[in-house]
DNA sequence: TTAATTGCAAAAGATTTGCGGGGTT
DNA sequence: AACCCCGCAAATCTTTTGCAATTAA
């Protein structure tokens, strides 16, 4: 058989191959879109981005692929309210999301203290923690008129899919 | 007019009256079902329980009522996974949910430390916390063979709606 | 009386699926 | 060649809504 060079394969594309998934053209495209996404797109948005790269892709396939990758642990499904599921690549270490209730922007953050606390709480109740889910809904703090405007938050601000 | 005694009104029924909602027969029934619920039923389940008390109720009305009560702050909508929204009466103080991944049972718990931490985190990111959401998914800890079996957890164990 | 509420069934929005054709291993 | 995957459209599932009839205030 022909040697299949992974050289041009996206990060998620490589993960698919590692897990022995059959790499079709559309999977490669979707994997690339996901690899390049820095936000938390929903299926509609993934579909738009994928079609931009290759028009021979249907929403059904995006749904099927996103589902498959979630089962394989490559993707994680999120619910930020708004009816549609949103996705992001699985990353090392837990991180959480703060949703700006006015703009819909999503800010990611880590907090080891919180993670540890979750384990302690489950423990206290007689359980082993399998996973947990945390979302903060918040409003940007108004800048006090007398102080110099606050600089941008250190955490990355990632917007969601289009409205 | 005839004096309308609240005496036989359910707890949530009284809250509806306080907020000036028009009390129809179906609302009274749904309010009663909600007042008596000790779990986190979804709309289907609420509908079943309501119909048991009065067959002249439609699912549409349950959907409409549950939505109205949520807007009025009387109910809170929950998402424990599984596709359908689930509801519980708003209570004093924040409490959270641990879902047993094997049985679907829901355990409620409070944790002031966690609540405080959430405010601190939002603050740190430059936001005012509006609300937050936390769910633990966990598995009951196996009883070590050498020790006497653990007694029931102190927290109340509430199951969800039927599967 | 008057405006709000209800039932019914149709509509909507998101996601899944059956099927015949096509691509990957 | 064998089996998996794709596109399409129809099907599901949950929740919402238009409309005419009914009811609380």
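Glycine residues also receive a Cβ, built from the backbone N, Cα and C atoms like all the rest.
Not measured: the values here are computed from a predicted model.
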Subject >> Listed range which TrEMBL flags as region 'Disordered', given the options B:114-138, B:139-163 >> reply: B:139-163
Subject >> Cβ packing number for residue B:132 (Fe cation binding site), 10 Å threshold >> reply: 21
